[in-house]
Amino acid sequence: MIVLGVDPGSLKTGYGVVQHHNGSFSVLAAGVIRLQAAWSHPERIGIICRELEQVIAEFQPERVALETAFLSHNVQAALKLGQVRGAVIGLVVRYALPIYEYAPREVKSAITGKGAATKEQVAFMVSRMLSLHTVPKPHDVTDALGIALCDILRGESRQSGVPPRTNSRRKSGTGGSWEQFVRQSPNVVVRS
């Protein structure tokens, strides 16, 4: 299975293409689309869509995972992020790909087991799960890879009938997708 994870932003949009095969993960592509603040917002959205379209055409993901919008006190920033998300969703729909959306807290919980994990903790676990020698920079890249990994883990839960783990305060050992991942991927999990 190949999943494209997208961490949308109006100045930086991270993307990561992750393949899951026989219980192991590999990165096919990852990067950040950097945009200039001086460019018009419609121009930036167009560039994001063109770049992501090239990624979709080259790697042909089976589905796309997108981070949901966060609550912002800056109305203009929230509107711009919503426009970027809408454009990405429109692009994905045009390719008839299924799209799944995940809140940042859900991604953190799926990757680290804690919904309140720091970006550094997420980046560390993403690099471990993907057997990377270094942590990808900037955080937009590791966030996008984490979103793709979250989708793969949640997809396994959907297929197996295990409910997704949405509340990070649940007691461990209750059968959430993180526990399932650990059981199914002994070669990926780092044990101390």
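The backbone N, Cα and C atoms fix where each Cβ goes, and this holds for glycine too.
Copied over from Swiss-Prot:
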- D7: active site (ACT_SITE)
- E67: active site (ACT_SITE)
- D140: active site (ACT_SITE)
- D7, D140: Mg(2+) 1 binding site (BINDING)
- E67: Mg(2+) 2 binding site (BINDING)
- 182-192: compositional bias 'Polar residues' (COMPBIAS)
- 158-192: region 'Disordered' (REGION)
DSSP three-state assignment for D7 (active site): strand
Spatial neighbours, same chain, of D140 (active site) - Cβ under 8 Å, 6+ residues apart: D7, G9, K12, T13, G14, V32
Cβ neighbour count (within 10 Å, all chains shown) around D7 (active site): 25
